Structures are given as C-alpha cells and as structure tokens.
Amino acid sequence: MNHGLILPIVLPMFIGCLLLFGARLSIPVKRSLSLSSAAVLVPLSLWLMGQADQGGLQVYALGNWQPPFGIILLLDRLSALLLVATALLAFFALLYATRGDDQRGRNFHALFQFQLMGINGAFLTGDLFNLFVFFEILLIASYSLLLHGGGPERVRAGLHYVILNLVGSALFLLAVGVLYGITGTLNMADLAVRVAAATADQAPLLGAAGLLLLVVFGLKAAFLPLYFWLPRAYASATAPVAALFAIMTKIGLYSILRVYTLIFGDDAGMLANMAQDWLWPLALLTIGLGVIGALAAGSLHGLLAYLVVVSVGTLLAGISLGTPQALAAALYYLLHSTWIAGGLFLLADLIARQRGDKAAQLIQGPALQNPHLLGILFFVGAISVAGLPPLSGFIGKLLLLRAVEPGLQALFFWPVVLGGGLATLIALSRAGSTLFWRVGLSQLDSAELDRGRLLACIGLLLLSPLLVGLAAPLLTYVEATAAQLLDLQLYRQIVVPGGAS
Amino acid sequence: MEALFAGALGILTASGVYLLLRARTFPVVMGLTLISYAVNLFLFAMGRLQTGVTTVIGANAGYADPLPQALVLTAIVIGFAMTAFVVVLALRSVGEMKTDHVDGRESAR
C-alpha cells in the first residue's frame, strides 16, 4: 500500500488546522506556512502522476478494510492529472493572494488549505459517499472564500451559491441512498459490478438515481440549465479566489466522467451510457449561451466568467462523445482551460487595480500605467483562450474537432465550436480595445504594479506555451488516460479479493 | 409502515420545496431544513424499515443494516453545519442590503 496517496489530503488538512489554531500568528508566518504547503503539493502530485503512469491502479484502503467494505482512495491516471492541475493553479493563486488580498478578511489561509483538501479528496476517493463528504468540505470552504473581502455584491452572489449547493447536496444524498438501497454498496468499482448485474425491475430506480447524480454534478460543473449562479459568483469573488474556482467546475466534470464511464459505462446493461444522450445537446447549447453572455458582459470579470461556461460546454461535448480520442482531447483542453482561466482572472484584477473606480467595467477609463506589459499578457491570454494558434487552446480545440466523426455530429459540433471561438475573439478584442486604447489622458497616481502579483499571473499564463512545448508527452499521457478509463475490467479487479495493489 | 413513512417524507419534501420557492431568506432556510429532514429519513429507510432486530449479524435471522445509520449521522452533522452557515449568511445579507429578499432588492410590483 502506497501511503503517498493520502498525502495530498492530509498535508493541507494539517496545515489548515495549524493555521486555524494559530489564528494569532503573524501574517508572514501564516503566509509562509500556507505557501509552502501549496508548493509541496506540486512535486507531490507530479510524483503521483509518475506513479499512476506506470499503468496500474493504486488503491489505499483506509483503516486497512479491504474493498468493497471500507472506504478506499483510488489513484489512476485521471485523478493524478487533476491533482497536478489543482496543485499548479493553487500555488499561483496563493502566491497572488499573499501580496495583500489575504488580509481583506479573516482566516483566508486556513480556508484555502481546507479547500485544497476537499478538492484533492474529491479527485482521489473511490467511494461515492466519501465523494459527497469531500464535496461538502470543499463547498463550505468555498462559501467562505467567496465571501472573502465582504461587500453587498459578494453576499448576494454568495447567498444564491450557498442555497443552490445545499439543494444540490440534498439531491446527492437521495441518489446515494437509492444506489445503496438497491445495490448494498457505495464503492464505485463495486457499484459498477452490481449495476451491470441489475435486474429489469431494479434498473429504472438505478437510472433515476444516476440522473439525479447528473443534476448534482451538472450544478457543480455549471452546464446549461444549471449555470446561472456562476457568472455572478465568479465575477464578484476576489481575484485569487476566482482563479482557484477555475478548478471547481472541473470537479463536476471529473465526477461526470468518473460515474458515467465506470458505474454507468459500457458494461451497465440497460443503463449503459445513459447520460451521454442528455449531455450532447446540453453541451452545445451551453457553448452557445456562454458565448452570448460573453458578448453581452459589462465587465471584464463577467466576460471571463462566461468564458468559463463556454469551456465547460466544450469539455462536456468531448466527454459526451465518449470515444478515446474525444476523451483524450477533452482532458488536454481541461488542463489548458483551467490554468488560462485562472491566469486571466488574476490579470483582470491587475488591470482593474490601475483603473481606479472604473475597475473592470468595460467603459472608457484612465490610462493604465503599464499598458504595454499588461496588453501583451492580455493578448497572450486572449488568443490562448479563443483557440488561435500557436498556443494551447488551438491544439485542444483542434484535437476535439478531429475527434468528431464526419456526419451529423460534426455538422452540429464544428459550427458551434468554431463560431463560439470567433465570438469569443470578438468579445475579447472589444474588451481589450476599451481597456487599453479607449483611455483618457490622465493616469492614476495611486496605482502601481506589484511584482509578486505580476509573477503569479505570468506564471499561470506561461503554462499555455508550456502545454504546447510538452504536447507530445502530455498527449501520450492523456491518450493512455482515456484508454484506462474505458478499460472497465481493470477497475473491477479492485473488488476481487487480492486484486488490488 | 412503509406507506406512512413515504407519506410523511412526501409532505416534508413538498413543504420544503414550497418554502424554498418563497423569495425571503427565512422561509428559504426553513425549507432547506425540512428538505434535509426528509433526506435524512430517506437515507435511514434505505436500510429497510423493520423493528425489533439486532444490529449484529448472526445473532438472529434478521439484522438492521448499520451503514445507513452511519451515513445519516454524517449527513446530519454536515447538514447542521450548513444550516448554521446559511443562517449567519442570511443575517449578514439583511444587514448589508436592508431587505430579506433573496435577490437583495424588492421585486418590482
């Protein structure tokens, strides 16, 4: 048993508790504790990625209860990939926060660590009820982080976000209850075995539970009928929190990918691939509405929040296609969209700080102090997120477009994605020309560019060229991930006595 | 017993949903509480409804499934914390926005 599996959960938990009990520690001590924990998570998750890439599944049985009886942590290529995405994003977001944003409210660092614990736990767990628990941990930390800094706008967005997610949690419990009541297990691999063996009178109830789960994960992932909370919440959060939230929608997408390939996947008899038919039209409509929202947004933060919705739609389309090529392309695009969205939220804050009370509103404002530097960063982020060559968004979208078979699917998918890319480009060019060119003559004296903040922002945006540079090994990895996800026999070995490594 | 139990859950959930759809924070919090009661009872019933059986396998023919009870306990604790949080948030929202409407402003009539 590899004890390294539990470290991404335990490390932020201990540091978070330490910060909570040491609430009166001086702020430099808190910052270095928090930042070193986030920094250690980066090599740790890269090491776990190396472990996962050896091909087998790694299972960590908590309390040494053998699956399916106890709770297990499960490390496969998919969870390792998402751990790496989280660790890098969190490090740069925290680096940005340590330059002053963490003092706008209390206990920022402790909450940030608990949020990381919840996110890492959700990616690592192999048990459905444990997934619920980690969801709640990351949610309650995110409620407080969203409110960090205070103000009516945050409270209003926060209230909607909290109430919606509480209803979501109730639905999650109902679905878990039905699944347990029928199959008698909560271990995901064991559920896959039991669902495949379900009789004809059990199947409709299992299907209902499965679709309830889809609603819950859809609320987290924010696709079509369930995304309305997202733009306001993301646009009102402080910059480092908004950047970290770029991974939050991916948790919903990860859960969809996990549950609907493993439990309700190819082997599930009558219930095989039941979510995919729903997801395909919703994904395309989500892209369309997200783009309309981006074109209509009145502030840079609102625009970026709608671009998150567009990326969710694009990823969801890849997942609903379900072929190995499409899944691999979606996973590559997931890394790109997480990091670049995070970087752009940080950049939007840097720009807003130089515009005084105009902040990020897309109206004429004072001239920026560093128009060239911020302009170049905005340009790099914009062409990356719109999917233009030579940056990573282009490769991701190209792979997705190539993964669609010619025919009816391509007829819908190509125009939506390409038209969406064009409209994104128009929205971003309009925003950019307002922010950088349509400016008054005067500059604000109070604004200055903080080097630490700039470093964090550049760090995240530079991951886009890095994704292009490392495209060959990464693509090999994501293709292996997709193949592993569809190899259900491998996951079923977990519940065979002596089958888990 | 099953019909009575299901009816009670149905009434709890329906009242909860009705209150949730009111646009004031206090009824919404009450609605969330009722729904979480219904959900906890539902989870509890997933171990099957029976009386007078032990929780030890092998002591006699029937046994009560202990796992749903553990799940309910976890769900109650989490639900309690979340309710406390949403009450504080609702109070703060009244303080910041001078209204208990969930949108932070009175709807136009």
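Cβ coordinates come from backbone N, Cα and C, glycine included.
Annotation comment: TrEMBL describes A:126-404 as domain 'NADH:quinone oxidoreductase/Mrp antiporter transmembrane'.
Per TrEMBL, the feature transmembrane segment maps to A:6-25 (among others).
Within its own chain, the transmembrane segment (A:32-49) has Cβ neighbours under 8 Å at 4-5, 7-8, 11-12, 15, 18-19, 25, 75, 77, 80-81, 83-84, 86-88, 90-91, 94-95, 98, 109, 112-113, 116, 120, 477, counting only residues six or more beyond its boundaries. Sequence annotations record features per position, and here TrEMBL assigns transmembrane segment to A:32-49 (among others).
TrEMBL lists A:108-125 (among others) with the feature transmembrane segment.
Cβ atoms under 8 Å from those of the transmembrane segment (A:131-149) belong to residues 101, 104-105, 107-108, 111-112, 114-115, 117-119, 121-122, 125, 155, 157-158, 161-162, 165, 169, 172-173, 176, 220, 233, 236-238, 241, 244-245, 248, 251, 255 of the same chain, restricted to positions at least 6 beyond its ends. The feature transmembrane segment is assigned by TrEMBL to A:131-149 (among others).
Sequence-distant neighbours of the transmembrane segment (A:161-183) (same chain, 6+ residues past either end, Cβ-Cβ under 8 Å): 128-129, 132, 135-136, 139, 143, 146, 190-191, 194-195, 198, 202, 205-206, 208-210, 212-213, 215-216, 219-220, 229, 233. Here TrEMBL flags A:161-183 (among others) as transmembrane segment.
Only residues 6 or more beyond the boundaries of the transmembrane segment (A:203-229), in the same chain, are considered here, and those with a CB under 8 A from a CB of the stretch are 135, 157, 160-161, 164-165, 168-169, 171-172, 174-176, 178-179, 182-183, 195, 248-253, 255-256, 259-260, 263-264, 269-271, 274-275, 278-279, 282-283, 285-286, 289-290, 308-309, 312-313, 316. What TrEMBL records for A:203-229 (among others) is transmembrane segment.
Feature annotation from TrEMBL assigns transmembrane segment to A:241-263 (among others).
According to TrEMBL, the feature transmembrane segment maps to A:278-296 (among others).
Look at TrEMBL and you will find A:330-352 (among others) tagged as transmembrane segment.
Per TrEMBL, the feature transmembrane segment maps to A:373-391 (among others).
Annotated transmembrane segment per TrEMBL: A:411-433 (among others), in sequence order.
Long-range contacts of the transmembrane segment (A:454-478) within the same chain: residues 49, 53, 77, 81, 88-89, 92-93, 95-96, 99, 243, 327-329, 331-332, 335-336, 339-340, 342-344, 346-347, 350, 373, 377, 380-381, 384, 390-393, 395, 399, each at least 6 residues beyond the stretch ends and with a Cβ under 8 Å from a Cβ of the stretch. What TrEMBL records for A:454-478 (among others) is transmembrane segment.
Within its own chain, the transmembrane segment (A:241-263) is flanked in space by residues 78-79, 82, 85-86, 89-90, 92-93, 96, 112, 115, 119, 122-123, 131, 135, 138, 142, 145-146, 148, 188-189, 191-192, 195, 210, 213-214, 217-222, 230, 233-235, 273-276, 279, 301, 304-305, 308, 311-312, 315-316, 319, 322, 327, 334, 337-339, 341-343, 345-346, 460, 485-486, 488, 491, which lie at least six positions past its ends and keep a Cβ under 8 Å from the stretch.
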